[in-house]
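Single-structure report; data block below.
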Amino acid sequence: MGIYTFKLPDIGEGIAEAEIAEWKIAVGDVVAEDQGIVDMLTDKAAVEIESPVGGTVKELCGEAGSMIAVGGPLVRIEVEGDGNTAVEDDGEPVETASSTAPADPETPVQIPTPAPQPAPAPAAAASQATPPATPTRQVSSGGLPRKAGEKPLASPAVRRRAQSLGIRLEYVPGSGPAGRITRQDLDAFVQGHQGAASPGAGRAAKPGVEEIRIIGLRRRIATAMQQAKQRIPHFAYVEEVDVTELEALRQHLNAQRRDDQAKLTMLPFLARALVIAVPEHPQVNARFDDEADVLHRYDALHIGIATQTPGGLVVPVMQHAEAKSLWDMAADIRRLAEAARSGKASREELTGSTLTITSLGAMGGIASTPVINAPEVGIIGVNKMVQRPMYLGGQLTPRLMMNLSSSFDHRIVDGWDAAALIQRIKGLLEHPATLFMEGEA
Amino acid sequence: MSDALSTQVLVVGGGPGGYVAAIRAGQLGLKTVLVDADQLGGTCLIRGCIPSKALIHAASKFDALQQHVGEGALGIRLPQAPEFDLGGAVHWKNGIVQKLNGGVAGLLKKARVQVVSGWARFEDGKSCIVEGDGGTTTHIQAEHTIIATGSLPVELPGLPFGGNVLSSTDALALRALPKRLVVVGAGYIGMELGMAFRKMGAEVTVVEATDRMLPSYDADLVKPVRNWCRQHGMDIRFETKAVGYADGQLTVQTAAGEEQLACDKVLVTVGRRPNTQGWGLDRLVIDMNGPFIKVDDSCQTSMRGVWAIGDVVGEPMLAHKASAQGEMVAEIIAGQRRKFDPAAIPAVCFTEPEIAGAGLSPDEAHAAGLDVVVGNFPLAANGRALTMEAGESGFVRVTARRDNHLIVGVHAVGAHVSELTGAFVQAIEMGAVLEDLAGIIQVHPTMSESFHEAALAALGHAIHA
């Protein structure tokens, strides 16, 4: 019998490291050759790694959340024969460390996290195959004092006192038989200590604090957002747009659409407006390498579509929007959103955006201050459509209004230029026919 | 003549919900006006609980006396049979009602509640017009309104009340005993009154459209009641619908076809409906919950400052629930934080024998997903019950969670068990566990010992059974 040390293979172009998303095996398990053993999360996508050999798992060289360098040991498997772990392989088991462990410069496979990275786009973060956060341990010995939905038990006088104090007994631990909340329990809760607990009386402690390691997609989002806000001087601009006519057109088109056509939301129209307006303001369609002080301007318009997924924010990319019809864009947006939500978006679909649009319209709210999807230099968001009374031609008229909320990298985009772009988009959206007047609008 | 009143609290309805709300509001220093078109006390005091219990008591006493005729019982012999004078019993009952009615008026006065007699009609949620006797009208403006209009007996389409077709209210005012009475509906009102009339000497038949009596109680609790009916010649007909009455004949429908039941009187007790008509509910923008006024856990309706309590807001239609809600709403209006969250609302069925209970039955506990232990203690093993001739087929039953022994329900059937409900509901409200009940010393000899023993039985070690 020998030990086979399986090292993290190169799982994609330019990938130097990956994060362990989820182990599918445990020490002691017998694995077969080609059996999926671990999901690794790169900054692009989740990848399942298969075992190259069959045998018994002896050691996992990291836990969920650990970063493993390409070429670093991933798992050690006891195999028939000699295995591959020769004397020159350091032979020492790699210390299993969480991402929060201090980085050991002597151990090449342990990549300190958060690792300085060139501001990855949140989109790049990839897949919700990884849970956004893994609860680890309870700091306090207790949690909620009773099962969810279980009615707290207390005498009428105690219930009455809790009501008068505005305290929900669901959150008060009970020290009495069957978890009954006594007067002393309530007093202790009010005073914020647990003095009334009698030893061994089955008393649950006050709701504790849970430590949750921020790993996986959530860590990538956190890192990207922090870097974007730290590095980019955001300039926010909000304008209202009269979308009465646009909405009429949208509804008309949706009513006419064929079965094979995706339903039109506001986003394809906004994308269409960007296709027309952006070439007039080329500095917004770019990626800024602020370490090299180089701005990459693009002729193509690759629109990032900020998408909420069960795992967190992901930004799939509609490539070459400038070459797509309105219906194609609607289909693309729907397809990309579904792929992102189901974790099936490919690495290519999650990279390369040059300008991002976002929508919180479904949630309501009058304005937002979107965070730029670095290294892009602008992001434009739609807010909820609301019918409001407006003065039009001296008459008070109900109009359907929608706010556009935008943020720009003030290092690259001046306020005047940003406003000019948004005003141009406003003009296009308010006169929807101009969205389709190629070269004339 | 027209008056105008301005008040902090307007209570519409003087029943056990309304008058309690008004008294509590008055106690709390709120300027309060109570409007009622009838005698104070509502259904409970005037037409329901109190008068029915008075007549049930009189009937039971007469029935008991009859046991002593001839060879006698308990060593007591009556030389001749007693006679029952329903008029006399009703007169006695009216005296009680009158006394309590006067008592309510006194309590309202003491709490400085202004009582306006007449029929209230809402203009909007904060104002109403009361038309009193003699053409007087009173306009009342209120900051808060408490709707406590109660409920009314349900009529059957083919059996409108009137003549020989009686509502429960009519039955409690009869001056002469019907020879043959048919009760339509085997719910608790029908069974209570039907059994009382049987004890008074009437021939009583009960017709029930479904296949069971007293549907809110399980079969174990109902069984002694059915036995009494059988032993005392009460004819109970299930799956039988009453469809019409004419010339001393009640027409009923069964699976076998139509049949005529000869009777002097028909008592229709097929349920009660909320009293939502005739006082201007349509002028209030209030959300409904089916036929009931919709309220939240503080009895607030969908209109700010308009509250509703008692039967008009839904089941259980019980006087003590209405009173508890009334007291609570008055306190909320006075600025206290309250909500209606009883652990259990006890209920009693004054049949023969009585059924009493609070909380969940074993079946209800199972349906709620609880794993429970059940302890039964027969009254036949209770000394006091035997000395009171209450030891026949009755029992006390405790239902508790298996995991922590928390009492989730207590039920009993037997003579006088209604008086045990205080202990039952107190145990549940206080969050008692079986060991609590086991650790309480009960007086010997009392029927309360049965409660203690039932808890011991649930723990697996009853002493006397």
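Glycine is treated like the rest: Cβ placed from N, Cα and C.
As written in TrEMBL, here are the features:
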type     : residues                                                                                           : note
ACT_SITE : B:HIS444                                                                                           : active site, proton acceptor
BINDING  : B:LYS53, B:THR149, B:GLY150, B:SER151, B:ASP311, B:MET317, B:LEU318, B:ALA319, B:HIS320            : FAD binding site
BINDING  : B:GLY185, B:ALA186, B:GLY187, B:TYR188, B:ILE189, B:GLY190, B:MET191, B:GLU192, B:GLU208, B:GLY271 : NAD(+) binding site
DISULFID : B:CYS44-B:CYS49                                                                                    : disulfide bond
DOMAIN   : B:345-455                                                                                          : domain 'Pyridine nucleotide-disulphide oxidoreductase dimerisation'
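Annotated features, which come from TrEMBL, shown on the structure.
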residue  : record                       : contacts (Cβ under 8 Å, 6+ apart)
B:CYS44  : disulfide bond               : B:GLY15, B:PRO16, B:ILE50, B:ALA319, B:ALA322
B:LYS53  : FAD binding site             : B:PHE350
B:GLY150 : FAD binding site             : B:GLY13, B:GLY15, B:GLY17, B:GLY42, B:THR43, B:PRO274, B:ASN275, B:GLY310, B:ASP311, B:VAL312, B:ALA322
B:GLY187 : NAD(+) binding site          : B:MET213, B:LEU214, B:PRO215, B:THR269, B:VAL270, B:GLY271
B:ILE189 : NAD(+) binding site          : B:SER52, B:SER168, B:THR269
B:MET191 : NAD(+) binding site          : B:VAL183, B:VAL206, B:MET213, B:LEU214, B:VAL225, B:CYS349, B:THR351
B:GLU208 : NAD(+) binding site          : B:GLY185, B:ALA186, B:GLY190, B:ILE236, B:ARG237, B:PHE238, B:GLU239, B:THR240
B:HIS320 : FAD binding site             : B:PRO16, B:ILE345, B:PRO346
B:HIS444 : active site, proton acceptor : B:GLY383, B:ARG384
Using a 10 Å radius around its CB, how many other CB atoms surround B:ASP311 (FAD binding site)?
29
Those residues of the chain, 6+ apart, with a Cβ under 8 Å from that of B:LEU318 (FAD binding site):
B:ILE345, B:ALA347
I'd like to know which of these recorded positions, B:CYS49, B:GLY185, is least surrounded, judged by other CB atoms within 10 A.
B:CYS49
Residues B:LYS53, B:THR149, B:GLY150, B:SER151, B:ASP311, B:MET317, B:LEU318, B:ALA319, B:HIS320 [recorded FAD binders]: greatest CA to CA distance in Å:
22
What are the DSSP helix/strand/coil residue counts across the domain 'Pyridine nucleotide-disulphide oxidoreductase dimerisation' (B:345-455)?
40 helix, 33 strand, 38 coil
Among B:GLY185, B:ALA186, B:GLY187, B:TYR188, B:ILE189, B:GLY190, B:MET191, B:GLU192, B:GLU208, B:GLY271, listed as contacts of NAD(+), what is the widest Cα spread in Å, to the nearest whole number?
14
Indicate whether B:GLY185 (NAD(+) binding site) is helix, strand or coil by DSSP.
coil
Hey, does DSSP put B:MET191 (NAD(+) binding site) in a helix, a strand, or just coil?
helix
May I have the list of same-chain residues other than B:GLY185, B:ALA186, B:GLY187, B:TYR188, B:ILE189, B:GLY190, B:MET191, B:GLU192, B:GLU208, B:GLY271 whose Cβ is within 8 Å of the Cβ centroid of the recorded NAD(+) site, in sequence order?
B:VAL183, B:GLY194, B:VAL206, B:MET213, B:LEU214, B:THR269, B:VAL270
Quick check: in three-state DSSP terms, what is B:LEU318 (FAD binding site)?
coil
Mean of pLDDT values spanning the domain 'Pyridine nucleotide-disulphide oxidoreductase dimerisation' (B:345-455):
95
